[in-house]
Amino acid sequence: MQKFHVYGQSRLNGEVNISGAKNAALPILFAAILAEEPVKLTNVPELKDIDTTLKILQQLGVVTYRDEQGAVHLDASNINHFVAPYELVKTMRASIWALAPLVSRFKQGQVSLPGGCSIGARPVDLHISGLERLGAKIVLEDGYVKAFVDGQLIGKRIVIEKVSVGATLSIMIAATLAKGITVIENAAREPEITDTAVFLNKMGAKISGAGSDIITIEGVERLGGCEHSIVPDRIETGTFLVAAAISGGRIICKNTKASTLDAVIDKLRDAGAKIEVTENTITLDMQGNRPKAVNIRTEPYPGFPTDMQAQFTLLNMVAEGSSKITETIFENRFMHIPELIRMGGKAEIEGNTAFCHGVEYLSGAEVMATDLRASISLVLAGCIATGETIVDRIYHIDRGYEHIEKKLRGLGAKIERFTEKIVD
């Protein structure tokens, strides 16, 4: 099993190139199932979840390859299989996005009930109910979600019960080939949804309102090919900004969009960071200072993102003062806190709220990653702690951060990946 060995007390300084957003690349890759002509995607990150998605698409009959420049090419013109199998789906909850384009274009699709990270309940109910509203017949059988439609999906007005990025994407993707007009109300507003809509429109879809809470889709008969560049990863950007903030450093994030990170940037400024933005860069300078504690409440976009909660929990554990962190999106998303406490952090958990009390320094320890964002907070903690830190189960990190140790080393971190030999 691979682990990270992190040597502490590094001040992180320098420049880092931000990768394409995994949370946009995944739905866009699945949406390419709709295309009757070849698609070319650039700025697609090299991640375990991307590799899994490409394997699922290949299983369905999509021809895929990466060229020498890193662009991903997809040809879904000869799809001949309509089942996303358990052995691939079990590692990634986003696999449910395969269902909508399959049933929309081919009138049938089966996806194994997905696995993925261990952040509480992430039910597929909203995906299913949305497809049913469009006319799909869905059964749960033998561990699979099986969807069929007689004739064609029919556009409807759909009010999503609880704001959901996944369900918004599923309904929007399915509705592109539905008959008539679909209106999604209480839609999620994340930039990754907007990027997916831009991609679909390039293929010939007629989508308006993405980025607002009402999205309108006028169904079309077919979708063609296109070229598209994935938007920058705002969560990776935020993660590196926090890395500089907790270490007293200065960082320039390049190839990113500050406009998608307003809530995070506001909190970093509250914590004492000096931040300057241009069209595609963000510069953060802590000028050697320790951050100030900031209260956090996670909310759907454009509120503070749940995917930045673990990183700010770490920031608050080494900040001046005490803070309150409220997690409103997912249950069971404080699993990093006991590990940070093992490193000398001080915090109490009460339901969906954590109370953090800043300490001057953390101490290196052996810690275990539990999910993607929790795991990166442990790596960053190791970068600033005294002594050495071993981070176990780093496969979580490989799901969402491209070349993470290379990027951190470029900023001055002392980090090595190693494989622990298992002795019988």
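In case you wondered, yes, glycine gets a Cβ from its N, Cα and C as well.
The feature phosphoenolpyruvate binding site is assigned by Swiss-Prot to LYS22, ASN23. For LYS22 (phosphoenolpyruvate binding site), applying a Cβ distance below 8 Å and a minimum sequence separation of six or more within one chain yields PRO45, LEU47, ASP49, ILE50, ASP233, ARG399, GLY400.
DSSP classifies ASP125 (UDP-N-acetyl-alpha-D-glucosamine binding site) as helix under the three-state reduction. For ASP125 (UDP-N-acetyl-alpha-D-glucosamine binding site), the Cβ neighbour count at a 10 Å cut-off comes to 12, with all displayed protein chains included. Feature annotation from Swiss-Prot assigns UDP-N-acetyl-alpha-D-glucosamine binding site to ARG93, ARG122, PRO123, VAL124, ASP125, LEU126, LYS162, VAL163, SER164, VAL165, ASP307, ILE329; the stated evidence is sequence analysis.
If you look up Swiss-Prot, you'll see CYS117 marked as active site, proton donor.
Swiss-Prot lists CYS117 with the feature 2-(S-cysteinyl)pyruvic acid O-phosphothioketal, giving sequence analysis as the kind of evidence.
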Rounded distance in angstrom between the Cα atoms of SER164 (UDP-N-acetyl-alpha-D-glucosamine binding site) and ASN23 (phosphoenolpyruvate binding site): 13
LYS162 (UDP-N-acetyl-alpha-D-glucosamine binding site) in three-state DSSP notation: coil
Euclidean distance between Cα atoms of ASN23 (phosphoenolpyruvate binding site) and ASP307 (UDP-N-acetyl-alpha-D-glucosamine binding site), Å: 11
Spatial neighbours of ASN23 (phosphoenolpyruvate binding site) that are distant in sequence (at least 6 apart) but have CB under 8 A: VAL165, GLU190, GLU192, ASP233, ILE235
